[in-house]
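In what follows, a single structure is set out as structure tokens and then discussed.
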Amino acid sequence: MKTFIIGISGVTNSGKTTLAKNLQKHLPNCSVISQDDFFKPESEIETDKNGFLQYDVLEALNMEKMMSAISCWMESARHSVVSTDQESAEEIPILIIEGFLLFNYKPLDTIWNRSYFLTIPYEECKRRRSTRVYQPPDSPGYFDGHVWPMYLKYRQEMQDITWEVVYLDGTKSEEDLFLQVYEDLIQELAKQKCLQVTA
């Protein structure tokens, strides 16, 4: 069974989770995996020379466990073809993976059917981050000393990506972002269904 996998990445507090949840509500046969669910325990997080916990790096995440969750979803999607409803039987299983470090993790490179990256300016990102409660809480200087520099490093690494990434303006309203991505996905899914019929 054909599947359709969407990546939604971007800077911290850019609206990735909100967008993923809104899409899940409106796309048939859709599941979401959130990278934030795969952080290692605080005791396993490295500290840099400034004393900042290194949460904004791949090493802070249990990516093997996340890959296992993706594989389980793909396996169950292949076996979920049994349906008495003709229309749902034709629906392509959709998986949205959302997280801040998706597109520079090589094992994921080949799975994306559509990739989106949310951006917001430094000041807006810092403002949004200051309104959120984190466990453990951000220490003074953490955003400027660790979070933003790691985002800039990640953006630089994305220059080497060989597939298409759609960049989104995270300062747009929740509704505008949803509509932009939803309309794009409906077109992409229609193409996939045509390919499925002709295959």
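Every residue, even glycine, has its Cβ placed from backbone N, Cα and C.
Features of the protein shown, as given by Swiss-Prot:
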type	residues	note
ACT_SITE	D36	active site, proton acceptor
BINDING	10-18, R128, 132-134, 172-174	ATP binding site
BINDING	T17, D36	Mg(2+) binding site
BINDING	D36, D37, F38, F39, Y55, D56, R129, Y134, Q135	substrate binding site
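Sequence features annotated in Swiss-Prot and their locations in the structure.
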{"residue": "G10", "record": "ATP binding site", "contacts (Cβ under 8 Å, 6+ apart)": "K16, F100, Y116, F117, L118, T119, I120, L168, G170"}
{"residue": "T12", "record": "ATP binding site", "contacts (Cβ under 8 Å, 6+ apart)": "D56, F100, C125, R129, V147, Y151"}
{"residue": "T17", "record": "Mg(2+) binding site", "contacts (Cβ under 8 Å, 6+ apart)": "S34, D36, E98"}
{"residue": "T18", "record": "ATP binding site", "contacts (Cβ under 8 Å, 6+ apart)": "E174"}
{"residue": "Y55", "record": "substrate binding site", "contacts (Cβ under 8 Å, 6+ apart)": "F39, I45, H146"}
{"residue": "R132", "record": "ATP binding site", "contacts (Cβ under 8 Å, 6+ apart)": "N13"}
{"residue": "Y134", "record": "ATP binding site", "contacts (Cβ under 8 Å, 6+ apart)": "none"}
{"residue": "S173", "record": "ATP binding site", "contacts (Cβ under 8 Å, 6+ apart)": "none"}
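Within the group of binding-site residues (S14, Q135), the Cβ with the highest number of other Cβ atoms inside 10 Å belongs to S14.
The maximal spread of the substrate binding site, taken as the longest Cα to Cα distance among D36, D37, F38, F39, Y55, D56, R129, Y134, Q135, is 20 Å. The number of other CB atoms found within 10 A of the CB of D36 (active site, proton acceptor), across every protein chain shown, is 11. Between the C-alpha atoms of S14 (ATP binding site) and Q135 (substrate binding site), the distance comes to 19 Å. Taking each Cβ in turn and tallying the other Cβ atoms within 10 Å, the top scorer among the binding-site residues K16, F38, R129 is K16. Following the DSSP three-state reduction, the secondary structure of S173 (ATP binding site) is coil.
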